[in-house]
Amino acid sequence: MASVKPSVPSGTRDFSPAEMAKRNFIFDTIKGVFRKYGYQQIETPTMEKLSTLTGKYGDEGDKLIFKVLNSGDYLVKADVKQLEDRNSNLLTSSISEKALRYDLTVPFARYVVQHQNEITFPFKRFQVQPVWRADKPQKGRYREFYQCDADVVGSKSLLNEAEFVMIYDEALSLLGLKDFTIKINNRKILSGIAQVIDKYDSIIDLTVAIDKLDKIGLDGVIKELLERGFTEADIDKLKPVILLEGSNDEKLQKLREALATSEIGLAGCDELETVFNYLQYTPLKKATLELDITLARGLNYYTGAIFEVKTNEVAMGSIGGGGRYDDLTGMFGLKGLTGAGISFGADRIYDVLEELNLFPASAVEGTKALIICFDASGETFALPLLQKLRNAGINAELYPAGAKLKKQMDYANNKQIPYTILIGSEEMQTGLLAFKDMESGVQEKLSAEDILTRLGA
RNA sequence: GUAGGUAUAGCUCAGUUGGUUAGAGCAUCGGUUUGUGGUACCGAGGGUCGUCGGUUCGAGCCCGAUUACUUACCCCA
């Protein structure tokens with residue numbers, strides 16, 4: 001049999017022990033903060049019914065859903081006409097009924113509707129699981145990646161929005177970031193702007209264009225707006241709003257003036273002001289909260305607040321985002337439930353922490369002590385000590401089989417084990433073991449009890 | 001979907017205008033050293049040069065196709 005060169009599908013990755021330790025540091029920190037704020041963890045299946053997912057992410061999104069082929073002889077049940085026509089799109093529905101989860105929000109909505117009688121509202125849940133997208137991978141963009149979501153359904157209160165800001169602030173501060181900006185905007189303000197220039201129907205084009213301000217600059221935005229059918233007069237009205245400056249309060253003030261004729265726009269201003277007010281009572285640790293009118297985000301289902309988080313320490317896309325979406329569960333037949341949520345981009349946070357060298361040494365909790373025997377006769381002597389170490393909560397190993405010392409030492413070095421305990425005939429006779437600090441090379445004769453003490457037991 | 005780039009040892013990559021037997025570093029294994037690792041030295045294993053076809057006396061190198069990977073755009077986290 002020809003051997004196949006081992007590799008993983010593009011856009012997916014293996015994670016080494018060292019990487020997993022760092023990833024778990026991120027996940028554990030974020031989960032801890034979620035729990036602290038009263039969010040409870042759920043998980044949903046890797047696969048959802050295809051019908052649950054289709055139509056929720058727009059036409060582009062539907063194409064990016066990984067479909068799972070039906071079990072058994074799926075072609076028997078395939079639609080003959082579509083098969084002959086080579087019509088992949090239509091054929092899909094007759095050969096695939098399941099698909100990989102595309103995000104955590106839609107499965108969550110399904111969960112809420114399905115379990116509505118068991119849930120006490122407002123329901124605060126968090127979820128940390130991988131999602132899959134059949135996208136073309138590129139830098140910082142994978143076909144399998146993790147989302148860390150916290151959402152609350154069944155509460156219109158803007159306290160939730162304020163709490164999201166606090167969660168971002170606390171979690172990212174705990175991860176070691178020192179300078180990051182939580183950008184906040186409100187979909188209603190964007191609607192108001194579109195209303196004021198009388199282009200309410202073109203709100204998507206409007207937001208897609210101004211969202212790119214920091215990427216392509218004002219001239220680029222103007223060009224894009226012109227291409228999308230906006231007039232010079234529209235743009236003249238837009239400019240002062242897009243280029244707002246000053247403190248959040250000053251921006252709000254100017255916005256109220258600009259949006260005076262738009263009821264919905266003013267409602268958005270009111271909401272933002274309420275959130276800002278709440279946050280006056282809970283000072284932020286490291287985050288800067290910034291009202292950013294150009295923040296639109298691609299997701300069109302946001303109806304109120306919109307969040308995006310960026311680090312100011314390295315050049316990197318957003319490391320978190322979220323917002324409020326009314327009628328989250330409406331697509332599954334449960335009307336009138338509002339939801340709001342945030343998400344942490346764990347993979348990007350990883351890159352940021354790596355670049356800034358912010359992973360603490362404690363994140364890598366490997367073996368602390370390796371017992372090395374000169375020959376197999378030391379093994380039975382070593383076992384009781386090994387158990388004592390482990391009972392004391394010290395990660396410890398006994399090198400299996402009687403390998404040469406060099407090999408055992410190399411093993412300790414490669415695994416970055418800081419201490420070795422050497423056992424030979426002399427040690428077994430005297431009961432004093434060779435305790436070696438692998439970094440300094442210093443070796444001492446210590447009793448088992450002293451070794452336990454030295455290792456902090 | 002659009003447009004580029006790359007493909008040679010387990011990994012990272014050299015390889016001259018096309019010319020004998022395919023190169024290095026790292027990694028692995030063994031030895032110098034049978035009670036002591038990191039450093040050093042010596043040695044070994046490991047390749048259908050992505051695949052198929054073409055040009056040529058001769059192709060890792062030139063041409064075409066194909067596949068995989070990768071980068072940017074659209075979009076997204």
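The backbone N, Cα and C atoms fix where each Cβ goes, glycine too.
The annotation domain 'Aminoacyl-transfer RNA synthetases class-II family profile' is assigned in TrEMBL to A:1-384.
If you look up TrEMBL, you'll see A:Asp103, A:Leu104, A:Thr105, A:Arg133, A:Gln147, A:Asp151, A:Arg297, A:Tyr301, A:Tyr302 marked as L-histidine binding site. Around the Cβ of A:Asp103 (L-histidine binding site), the same chain contributes A:Tyr57, A:Val131, A:Gln147, each under 8 angstroms and 6 or more positions distant in sequence. Following the DSSP three-state reduction, the secondary structure of A:Asp103 (L-histidine binding site) is coil.
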Candidate with sparsest Cβ neighbourhood (10 Å radius) among A:Thr105, A:Gln147, the listed binding-site residues: A:Gln147
